[in-house]
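Q: Structure below; questions to follow.
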Amino acid sequence: MLAGFPGLYSLLIFSLVLNLTVGVDVGCQNWTPSGKNYVCCTSCKPGNRLVKRCGYDPAELCKPCEPGTYITGTDFSCDICTQCIGIQFVAKNCTSSSDTVCGCKPGFRCGDAKCSHCVTECKKGEEPKGRVCGQCPEGKFSDKIHSTCKEWTKSSCPDGYKLKKGNLTSDSTCIPPPSSSVRTVTEQETLPVISKEKGK
């Protein structure tokens, strides 16, 4: 159908090639000369892996990672993207230059820096024990979510103060004695009124 319009045919082919290449950053990013007309790649462009270390064309030394894989440095192979499973969810999708970022559903939190697994989120009065929670033992408390139990700080109080025992979620404290009520005495109450008799 386009046989009579060679110019239009060429334009369509050019547009197709352009659409396939726009936004694709392929090849070596940094290289050094090595011998006559040779270069050696020191780092690939983000999301590219090494195909060969040295060659004539820097664009041919690195190739993009396959879908479902990624690379963060300069190497000959890409890593498989992490899969978020179970109580995990995908917080950030995998790209050719970064791995998947997983998160944990409510009631749980990441068990390590990479969030490779989730652990139960401990309430106040509890502390983490592996991937589950345990109640604080007698004499200890936890007043923050997912924190280690701490010793009660007060075991005795100064004279006149009352010790308030701690519990699972609060520390022991010393309660001061109630302030004594002082009666305000007016000058009229303290000074009697003396009357002088007439003629004396």
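Each position is counted from 1, following the chain as shown.
Here the Cβ of each residue, glycine as well, is placed from N, Cα and C on the backbone.
Got these off TrEMBL a minute ago, pasting:
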| type | residues | note |
| --- | --- | --- |
| SIGNAL | 1-23 | signal peptide |
| REPEAT | 64-102 | repeat 'TNFR-Cys' |
| DOMAIN | 64-102 | domain 'TNFR-Cys' |
| DISULFID | C81-C94 | disulfide bond |
| DISULFID | C84-C102 | disulfide bond |
| REGION | 174-200 | region 'Disordered' |
| COMPBIAS | 180-189 | compositional bias 'Polar residues' |
Q: Looking at the disulfide-bonded residues C84, C94, C102, which one has the fewest other Cβ atoms within 10 Å of its own Cβ?
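A: Selected from the disulfide-bonded residues C84, C94, C102 on minimum Cβ neighbours within 10 Å: C84.
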Q: As a quick check of your reading of DSSP, tell me how many residues in the repeat 'TNFR-Cys' (64-102) are helical, how many are strand and how many are coil.
A: 0 helix, 14 strand, 25 coil
Q: Rounded to an integer, what is the Cα-Cα distance in Å between C81 (disulfide bond) and C102 (disulfide bond)?
A: 11
Q: Can you give me the Cα-Cα distance between C94 (disulfide bond) and C102 (disulfide bond) in Å, rounded to a whole number?
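A: With distance taken Cα to Cα, C102 (disulfide bond) is 10 Å from C94 (disulfide bond).
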Q: Including all protein chains shown, what's the count of other C-beta atoms within 10 A of the C-beta of C81 (disulfide bond)?
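A: For C81 (disulfide bond), the 10 Å Cβ neighbour count is 18.
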